[in-house]
Structure formats: C-alpha cells, structure tokens
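Data first, discussion second: the structure below is written as structure tokens.
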Amino acid sequence: MTVENISGYKLLLNIYLMDEGRYFLAFVSFVGCNLILAVAAGSLCAFIAPAAAGSGIPEVKAYLNGIDAYSILAPSTLFVKIFGSILGVSAGFTMGKEGPMVHTGACIANFLGQGGSRKYHLTWKWLRFFKNDRDRRDLITCGAAAGVAAAFRAPVGGVLFALEEAASWWRSALLWRTFFTTAVVAFVLKAFVQLCSTGNCGLFGEGGLIMYDVSSAGATYGSGDILAAIFLGVIGGLFGSMYNYLIDKVLRVYSMINERGAVYRVLLVICISLLTSVCAFGLSWTVSCVPCPTESSKDCPTQTGNYLSFQCPSGSYNDLATLFLNTNDDAIRNLFSTNTTREFRISTLFIFFGAIYFLGIVTYGIAVPSGLFIPVILAGACYGRLVGRLFEPISDLDTGLYALLGAASFLGGTMRMTVSLCVILLELTNDLLLLPLMMLVLLVSKTVADIFNKGVYDQIVKLKGLPYLEAHAEPYMRQLVALDVVSGPLITFSGIEKVRNILDALKYTGHNGFPVIDEPPFVDSSELFGVVLRSHLLVLLKGKNFSSEQVISGQDILRKYAALDFAKPGSGKGIKLEDLDINEDEMEMYIDLHPITNASPYTVVETMSLAKAAILFRQLGLRHMCVVPKSQGRPPIVGILTRHDLMPEHVLGLYPHLKPHK
C-alpha cells in the first residue's frame, strides 16, 4: 500500500509536468524523487543494519541450516528491512519486495521466539517456550512461509517454498504449522484488501488477492504450444545461468566497495539510482509513439496502467514508457495482460528486456533491501511475449500467457525451484489450466541451468562464506574416514575441573563444545561422559558454585538455577567471558561439570566413512559429533567433528589431490 502510494504520487507529478510541456523539469523531478528515496533507503541500510541489504533469503536459508550469523535476524535488521524495502522499491530500482518480505517474516518470528528484545524494552515471558534451537528454528520456518504468502498472496506457495527452498530439516508437525500460519496471512490480507477497496488506502494501493489475473484468456493449447514451452524452458535455463554468473561477479566487486565503509555504500546506491532513472526516462524518450488500437476495450492513452501517453499526442501512446514509468507490479500486469498481442512492439520488448536484465544484475548487492523475483519476472515476461509473437502462426495461446510462461522459465533458471514456483505463479495469476505447460517449462529450465552453475541463493550463500551443509555428501568424501578431517588439538575437561583450566580454554579457543572425560579415582578407567557447551559453562561459572576439593556435587547444584538460565539466549543476550568476575583464589578451586553435561552425545567410530558421517551430521541437525577410537587402551575420544570440518574447503585443503565434484 505504501509503495503504491509513494510511487503513484511520484508518477502523477511526472505526468502533470509532461502534460504542461515542461519536459526537462519532469526529468529532474523524476530523478530527484528517486534519488531522495534511494539515499534514505541506502542510509538506513548502511548506517543502521548492513545485514538488511539484499534479499535476505540466503541468510534465512543459512540460519535454517544451522548457521546463526551475526545480526541477520536482529530487531534493527527487521526495522531497516521493512522501511528500506518500501523506500527502495518506491525509488524505482529494478528490484522487488518479495525477498525482503521473507526475511521480514523470519525476523518477526525470531523476535517473538526470543521473547522480544530487552534492548528495546519489549519482552514477553509467555513466549519463553521457544527458547531452544528446534522450536526457534520451526518458528522461523513459519515466518519465512508467511513472508512468501504475504508477498505473493500465495498461502500454499508459501508452505511449499519453506519446504523446498528454506528449511533444511522438515517434520510432519511443521507442515500443518506453516499451513496454519499462511492461512492466517491469507485472512489478514483479505481483510486489508476489503478495507482498501473502499478507498481508505489513499489514491492507490487497492490491489486484490489475485495480483496478476490472466484467467480471462482461454488456455487451450496444442503441439505447437508444447514446442514453444520447451523452447522457453531452454532459453530460461540459458539466461538464468548467465544471470547467476554475472550476479556472482558483480557481488564480488560490490563487496570490495561496501567493505570501505558506510559512505561508499551510499555513494554506490546513488550511482545505481541515477543510472536506473536515466535509463527509464531516457530510453522512453527515444522511442516513437504508437497509434492507439481501435479494437481495445481499455482506454487509450492513459496516465497510468496500459497505454501510457508520456510525451505522445492524443490518440497515441508510448509503449516503452508504459513499462518503464509504472510501478514494477503494473509493468508485470501490462506484460501479462491478455488480448493485447500488438500492444508492445518487438523492438520495445528487446530494449526493455536488455535494460531490465542489466539493471537487475547491477542493482542486486547495493546497500538496499532488494528482492530478485520482480526483475526476473519482468525480464522473463519480456522474452515470453517475444516467443509468443514468434510462435503466433502455429499457437493457440494468448501472448499474455506466453509472458507468464517466460517468467516461469527465467525464475526456474535462476532460482532452481520447481514445485513451489509452479504453485506460487498459479496462485498469482489464477490460471490452473496452464499447469501442465508451467510444469514443463520449470523442469526444462532447471535442467538446462543446472548444467552450468548452482541456483542464485546457493551462490550467494557460498559468496558470503557461510558454511552451508548440502543435503548430499561430496563423492570424494567416500575415500576418507572421520578421523582424517578432525581438527586438533583436542581440548577436554575432567568431570570435576579446575576453574582456571576452564577459563583458559574459553579465553584462548573459540570452541563451543568440550568433551568431558571421567578419570580415576571416580571411575575405574577413563571414559567419555559427554559434551558440555560454552554457554552452559559461562552460566555455571557466573554462579560461582565452586569447591576447594575435587568432590562430586551432584544434582543439588542445579537447584540454584532456573531452567531458563540454560535456555538459548536471544541475539546479543548471552553471558560473555568479560561478564565473569573471578578472583585469583577462586581460580584454584574446582567445579563439577556433570550436572550440565549432555551425557548422551552423538558419536561415530573413527573409521566411519566421512560421507556417512556428513549425512548423519546434517540429517540430525548436529553441532558437535564425537569421534571415538575403535580399539581399547586409547583415550576415550580422538576428536570432535563440527560443521567446518565437513566443508569442502577444509577437506580439500587437507587433501588437495582429491578431485572436487563439478
């Protein structure tokens, strides 16, 4: 609603000045308005929450894989994500709000899951139920599904997106929870749509639950259309893989600029804003006017929507301005519009495709919350219409439906999703009859694109250096065993350990888990008791329940703590090493670690195939996996496998002669 109103009033000012014949002033106002909005969005992102830049889907995907990167779901990121995406999309950038909506949903879920925020004095004790990893992860999965459902008004598509793309671990209980979440989203959206239909949402922003309705066109198709769909799939796969390759290169350049500081990030935003505005206005000015169609049921020329007049006299319209000088949603509606085969000239579609393809690549990666869905849909719809015109002699399908299939092919080629994209597009456009062709296009485009590179979100996750665990083990891992990759030296604690030893281990290592070994005289021979977490050690040390001798304190020690003291802390809330105040005398005392140690850790024998260990590690959602010796008479543990030990970079660094899988 906000985007529609800001963009709407900005374009109305432009139209007014064009009608008055003040063309240069119209250009200056268009560029100036876009620049002000872009600087506001870029400043929010650069100075308050740099983690809010980009789509956010790769970060959510990484979190649900077990990577809790710094501030990706913090309240400040949520604030910037909401207002930054509103300002960024209103500024006319070639980007969408759909990706940021997914990140926004995940941030809201995290905010609720950690019981609010102490920093901003917003806390709720009744939400402490979610203070553990599994429930927090499930809640954030529901948040991501809600974001998709809200952005595309596709509740079932939201569930499938969470299942296919976002979540790494899926449980049957999660299916109905995400479905319930997206159902609530659908009801709330419907309520707002009804409210806005009465004119309470400003001059613009009425919308509807079906965003791009194409159901009025007949979806009868024959063998010629199936050939066209396969052709579209191949084109989508080729363009999509090229798009991903170029985005990867651009992001590497932008990361070097963004690392230089917040001012450079804002300057980059300004440059891209000026480039986008000059392209939109300048290219629209260069094309000639087109006479209004006599058989069209729609008004021509108009100030908004189809058949935009721009600088054209009465009775004609500017087809390129109809695409450029509209909101992105309206541009998609124009490309998807049915019974308008000749609305856009072939040259116009080529120019718009080239511009959007280029601008979509250079815009992603600047310090503005930006989604990839909209530029990809726009570019795909362009070449979809072109293919529709090419196959017109042997085709029964409307050109608008070809635009939809083109958008599907480009989405499949860049994002490599199939089921969720298919359902999202069908819910977006209300055309179930197109389902077989849509499935064919998505399958062909994904298959073709997979030959060249990975999906765009997988590439971004890798580029950001996030240690993402794939669902399958790399083939070369079959040649290694678990012991081959464990990092050393191994730091262990005794069941009753000296405080100084614990503090030194916490201070000089970054490990988050430590094996606890029971030794004589408490047991007959050394044995692995379990694994203790760094966060739990800090809680225990802060309580100062020390003893001057090595004695087992038992479970009595836990009565001095509440269960929530050991719960998963929210972002930035956990106890830090600097918070401890332990004097020299206390350093020489002992503390019993048995009550807070996980006595049933997952273990694998040292000779287990690394491929099997990697699959087990991911499927169980582990953080630490103990590697135990195969023979007697050796220490009870030989190492700990962590996520980093299973990364291809680590394994191939140790064994460079192994060949990575292409």
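Cβ coordinates are placed from backbone N, Cα and C, and glycine is handled just like the others.
The transmembrane segment annotation in TrEMBL covers 23-49, 69-93, 139-162, 174-193, 226-246, 266-288, 346-366, 372-388, 400-426, 432-452. If you look up TrEMBL, you'll see 596-660 marked as domain 'CBS'.
Long-range neighbours of the transmembrane segment (226-246) within the same chain, counting only residues 6 or more positions beyond its ends whose Cβ lies under 8 Å from a Cβ of the stretch, are 357, 360-361, 376, 379-380, 383-384, 387-388, 391, 395, 397, 402, 405-406, 408-415, 437, 440-449, 451-456, 459. Highest Cβ pair count under 8 Å relative to the transmembrane segment (266-288), across stretches 23-49, 69-93, 139-162, 400-426, 432-452: 23-49.
With a threshold of 8 Å between CB atoms, the same-chain residues lying at least 6 positions outside the transmembrane segment (23-49) that come near it are 6, 10, 13-14, 17, 71, 74, 76-77, 79-81, 83-85, 87-88, 90-93, 262-263, 265-266, 268-270, 272-274, 276-278, 280-281, 311, 366-369. Listed as Cβ neighbours of the transmembrane segment (400-426) (distance under 8 Å, sequence separation of 6 or more from its ends, same chain) are residues 148, 152, 154, 156-157, 160-161, 163-165, 212, 214, 217, 219, 228-229, 232-233, 235-241, 243-244, 332, 335-340, 372-373, 376-388, 391, 432, 434-435, 437-439, 441-446, 448-450, 454-458. Cβ atoms under 8 Å from those of the transmembrane segment (139-162) belong to residues 60, 63-64, 73, 96-98, 101-110, 112-113, 130, 174-175, 177-179, 181-186, 189, 209-211, 373, 417, 419-420, 423-424, 427-428 of the same chain, restricted to positions at least 6 beyond its ends. Residue counts for the domain 'CBS' (596-660) under DSSP (helix as H, G, I; strand as E, B; rest coil) come to 22 helix, 12 strand, 31 coil.
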